Amino acid sequence: MAQKTLLIITDGIGYRKDSDHNAFFHAKKPTYDLMFKTLPYSLIDTHGLSVGLPEGQMGNSEVGHMCIGAGRVLYQDLVKISLSLQNDDLKNNPAFLNTIHKSPVVHLMGLMSDGGVHSHIEHFIALALECEKSHKKVCLHLITDGRDVAPKSALTYLKQMQNICNENIQIATISGRFYAMDRDKRFERIELAYHSLMGLNHTPLSPSEYIQSQYDKNITDEFITPACFKNYYGMQDDESFIFINFRNDRAREIVSALGQKEFSGFKRQAFKKLHIATMTPYDNTFPYPVLFPKESVQNTLAEVVSQHNLTQSHIAETEKYAHVTFFINGGVETPFKNENRVLIPSPKVTTYDLKPEMSAKEVTLAVLEQMKLGTDLIIVNFANGDMVGHTGNFEASVKAVEAVDACLGEILSLAKKLDYAMLLTSDHGNCEHMKDENQNPLTNHTAGSVYCFVLGDGVRSIKNGALNNIASSVLKLMGLKAPATMDEPLF
């Protein structure tokens, strides 16, 4: 088995048993009908833990293409950190241990919610308890959310934090994210949060009383005025500080204010030394230890093909061009050796339901040209099912599927003539579920499975799997050995 190969990604076309409001089901699709009758096919998972997202969370094009190209599950920060904490890995985490052991006092700061966008309260609690096990005095600096969660939910999360408080763990300060998590260089906001960290802005109220007093002034969680509580007198030289947010953009300014000598946003108390660590990499210029470093994605599908001096072409229209280049190549912007890229402009319409065929025909012509040139691997994305599905227009989504089907017919016909192998799948679903139970349009991705079809010498059946099984399957069709980092093929 060693064939030139097509990897076709039909973006947003998923599997759904129910035919109601299912644009894929209702489309006239002779090519798909032929593939169902003549090719082995299976179902592929594209959401939740199978692609490194939290359980039940819908997949997306960025994560999907990364997973396809890497050939393995790349856990997103929220999941990666949660799994590590569940496995009790903190006790062996060098950045964490080195930071907390430099001082008897450890300051933990971060967004206090389970929104999962910037942080998670479970991470906050786990770090605090691990610090306590090491006999540290722990000062909690709580940032209230109200944006990724309900605007007046802080008291619920505060209770969870209070449940771990004792003589060694205390709530030291509080601040709305509007202040402590600014990202627009509005340093007058950061300054207020910074002052509370320094032991200024004292309130005689308890944390719960203080939050309620803010509510009484019609101030919601996002905008809670920074304050510090009794028995907290500010950070001191030589103490340790960990910022627990895993998303970096809204963490940089407050960390810069605490640790960067060249910071000039406002006048600050000068520290000789604070032992700072961050949850993930926040900025390339930061010298601080990182508890969960960015994972380097190597030996991707494109890289392996390039290592064998084979040719490849990555083709998509504008809407999905980054996905078949940057994302499928593991976050690498520069093309690999012998990698050709073809960008087809997307049509200039307000919304794609006005032109559901989008630029699929032009994309197909580029694919056919590369096949005639004998390119060893052709990766192509058809954007229609996703981009038209996002409009919520059922009739247009049916036309989008029909347009893709016609293009697939041309490609499949030439593939058989030129002895190309083919693997066809989707990065996630969308257009197979267009209305909810109340008949309102559904415009989001679906959290379900997608089809996978294979045309290849000797391939009679394929297993169910997930997107992490695609790269090794493509390499097998090409007669190439998959690297040990990749998960098993589907056949």
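Note: Cβ is positioned from N, Cα and C throughout, glycine not excepted.
Annotation comment: Swiss-Prot describes D11, S61, D427, H428 as Mn(2+) 2 binding site. Marked as active site, phosphoserine intermediate by Swiss-Prot on the basis of sequence analysis: S61. Annotated substrate binding site per Swiss-Prot: H118, R147, D148, R177, R183, R247, N248, D249, R250, K320, in sequence order. Per Swiss-Prot, the feature Mn(2+) 1 binding site maps to D386, H390, H445.
Features per Swiss-Prot, on structure.
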{"residue": "D11", "record": "Mn(2+) 2 binding site", "Cβ contacts under 8 Å, 6 or more apart": "S61, K320, H323, N381, F382, A383, N384, G385, D386, M387, S426, D427, H428, N430"}
{"residue": "H118", "record": "substrate binding site", "Cβ contacts under 8 Å, 6 or more apart": "L111, D148, M181, N245, F246, R247, R250, A251"}
{"residue": "R183", "record": "substrate binding site", "Cβ contacts under 8 Å, 6 or more apart": "D249, R250, R252, E253"}
{"residue": "H390", "record": "Mn(2+) 1 binding site", "Cβ contacts under 8 Å, 6 or more apart": "G12, Y352, N430, T443, N444"}
{"residue": "H445", "record": "Mn(2+) 1 binding site", "Cβ contacts under 8 Å, 6 or more apart": "G12, H47, M58, G59, N60, D386, H428, G429, N430"}
Which same-chain residues, if any, lie at least 6 apart from N248 (substrate binding site) yet have Cβ under 8 Å of it: T278, T280, P281, Y282, D283
Site of maximum Cβ density within 10 Å, from binding-site residues D148, D386, D427: D427
Protein Cβ atoms within 10 Å of H428 (Mn(2+) 2 binding site), excluding its own: 28
Any further residue of that chain within 8 Å (Cβ to the Cβ centroid of D11, S61, D427, H428) of the recorded Mn(2+) 2 site: I9, G12, T46, G59, N60, G64, H65, K320, H323, D386, S426, N430, H445
